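Taken straight from TrEMBL:
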| type | residues | note |
| --- | --- | --- |
| TRANSMEM | 74-92 | transmembrane segment |
| TRANSMEM | 113-135 | transmembrane segment |
| TRANSMEM | 147-171 | transmembrane segment |
| TRANSMEM | 183-208 | transmembrane segment |
| TRANSMEM | 214-240 | transmembrane segment |
| TRANSMEM | 252-273 | transmembrane segment |
| TRANSMEM | 358-379 | transmembrane segment |
| TRANSMEM | 386-406 | transmembrane segment |
| TRANSMEM | 418-439 | transmembrane segment |
| TRANSMEM | 448-465 | transmembrane segment |
| TRANSMEM | 477-498 | transmembrane segment |
Amino acid sequence: MLVDKNTTDEKLNTVISFTDTDIDKQNAANVITSIISPSGKEVKVTGDVDEAMKYAIRNTEEHIELDPKASRRLFYKLNICLLPLICLLYCFQFMDKLSNSYASILGLRDPKIGLNMVGDQYSWTGSAFYLGYLFFEFPTSLLLQRFPVITTTSIFIIIWGFVLAMGLVCGSHGSQSGYAGFIFIRTIQGGLESIITPAFTLYTGFWYKKDEVFLITSLWFASNGLGTILGSGAVAHSVFQHRESYDLAPWKLVFIITGVLTIGLGIAMFFYLPNTPAQAWFLNDEEKKMVVERLRETNQGFGNKHFKIHQFKEAFLDVKTWLFFIFAFCNNIPNGGLTNFGSILLNEDLDYSTGKALLMQMPLGAVEIVGCVLFAYCYKFYQKRLFWATLGTAITLASQCMLAFLKNNKVQLAGYTLYSLGPIGFICVLSCIGSNVLGTTKKQTTNAIYLISYCVGNLVGPQTFKASESPDYPSAKLAIVICGAISLVTLIVLWVYLEWENKRRDKNQTELHIENIEFADLTDKENPYFRYVI
């Protein structure tokens, strides 16, 4: 129900329109009108709106209508101009994460050419990365809201590439001071990389409609698979094959190569990608207006730079937030373990040579690419992303059982390979946050909570691999299966909850309307016109 600020007559069937004066900085705190939220509470709508509002007002005044064919052409143009570099950046950030796993069988743990790791010391090199991620996640989310997304992210990428390449200076071979230096570098690297996923999730929402977000997120997330292929084959295996030709230890070269390449991509990102569609050098004025109109159905725009405490609190009180949290935690304990111990399992548990263990990582990357793209394509025919998330997670659970409980090496290898479908559920929930959490501060807060849970899961994962249980690590494998089962149940609960909430909102739907309410920076709990994307 709509209540005009100048009347108390709740039956007045008025259309309220925002004006340029309403959203002027000096009037941002002024109440324009109020609405009744789906929970029955009165919500004050102020002039502190999304940055896309001024473009939406102009489009309304000029009676801009979105032509479906033109919208489709714009969609393909955005893909051509944005996706190649975004995918390449995401590919390299995952390659950077995997560099620790490759280094583990290229001499990192060795007393002569490495850091003489004993007991569970190697497990902590994996956990240290996510410890840094954990502490940096909330600060980076605040930075992304306050400062330009691409400028901020590219600076972080350049610095983390430098830190990664600096892994070679962590001390003398076999020294504890060298191990301490390496742990410090891994922690800082994790903190710097904490910006990439929330930045790309936010950035995707700047350009794409809600029914496109899952596909686009799947495409750049599938680049993790390309990172696995390039990292294990083009970098790690090539370094291993020519290890006698270098003065430096092979494990150090892995870090140097990936670090230098990351620095180059960070520089390219800084100069190439625009911070918002309004700054896009590859769009004309008409296309920029079309981008805003395409975003209208998502009920969000380019974001709001002001931190809103009520949205921050709402994120913590929302049931969805904690379902996201549980899923991310349980989904990523297996990920953290296998990302760091995958090469060791292939080498020591399944008895593949060092060279072959590196090459055997490549099929994992291919399965991830094909699986993510295939599931995203299937979404076109049945547009229930949580169905595909549940199916992907169920297949992943089956693969985890193959790895944990069956003793045939080939079956275990098949389970390990199929586990590469694990990211499908994570991608679906990530895109679910992008589409279903409104309000810039609330979205950034929810994203941060989700990714903090992601990093805690990844931090715990390596600790389930106990050196005393080497080489088959039965407790770690059991933990992987249990976490997979909880992830599956959590997705089903989330699906049921969102379906129930949409039906409840449909029963209480109002006929009244506020022009451009989509860009008022309301949360999903405040906006009665919003429906969750299942």
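A Cβ is built for glycine as well, from the same backbone N, Cα and C atoms used for every other residue.
Keep in mind that TrEMBL annotations are predicted by a computer and have not been checked by a curator.
The structure displayed is predicted, hence computed values, not measured ones.
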Quiz prompt | Recorded stretch, among 113-135, 183-208, 358-379, 386-406, 418-439, maximising Cβ pairs under 8 Å relative to the transmembrane segment (147-171) | solution = 183-208
Quiz prompt | Within-chain partners of the transmembrane segment (74-92) [C-beta distance under 8 Å, separation at least 6 from its ends] | solution = 157, 196, 200, 203, 207-208, 212, 216, 219-224, 226-227, 230, 258, 261-262, 265-266, 268-269, 272-273, 280, 282-283, 287, 290-291, 294
Quiz item: Per the definition of 3+ C-beta pairs under 8 A with sequence separation of 6 or more, do the transmembrane segment (418-439) and the transmembrane segment (358-379) touch?
Solution: yes
Quiz item: Between the transmembrane segment (358-379) and the transmembrane segment (214-240), are there at least three Cβ pairs closer than 8 Å, leaving out pairs fewer than 6 positions apart?
Solution: yes
Quiz prompt | Close approaches to the transmembrane segment (113-135) from elsewhere in its chain (Cβ under 8 angstroms; 6 or more beyond its ends) | solution = 97, 100, 104, 107, 170-171, 173-175, 178-179, 182-183, 186-194, 249-251, 336, 339-341, 451-452, 455-456, 458-463, 465-467
Quiz item: For the transmembrane segment (448-465) against the transmembrane segment (183-208), do we get 3 or more Cβ-Cβ pairs below 8 Å once near-sequence pairs (under 6 apart) are dropped?
Solution: yes
Quiz prompt | Long-range neighbours of the transmembrane segment (183-208), counting only residues six or more past its ends (CB under 8 A) | solution = 75, 78, 82, 86, 89-90, 93, 96-97, 100, 124-125, 128-137, 140-141, 143-144, 149-150, 152-153, 156-157, 159-160, 163-164, 166-167, 170, 216-217, 220, 276-277, 291, 294-295, 298, 300-303, 430-431, 433-435, 443-444, 447-448, 451, 454-455
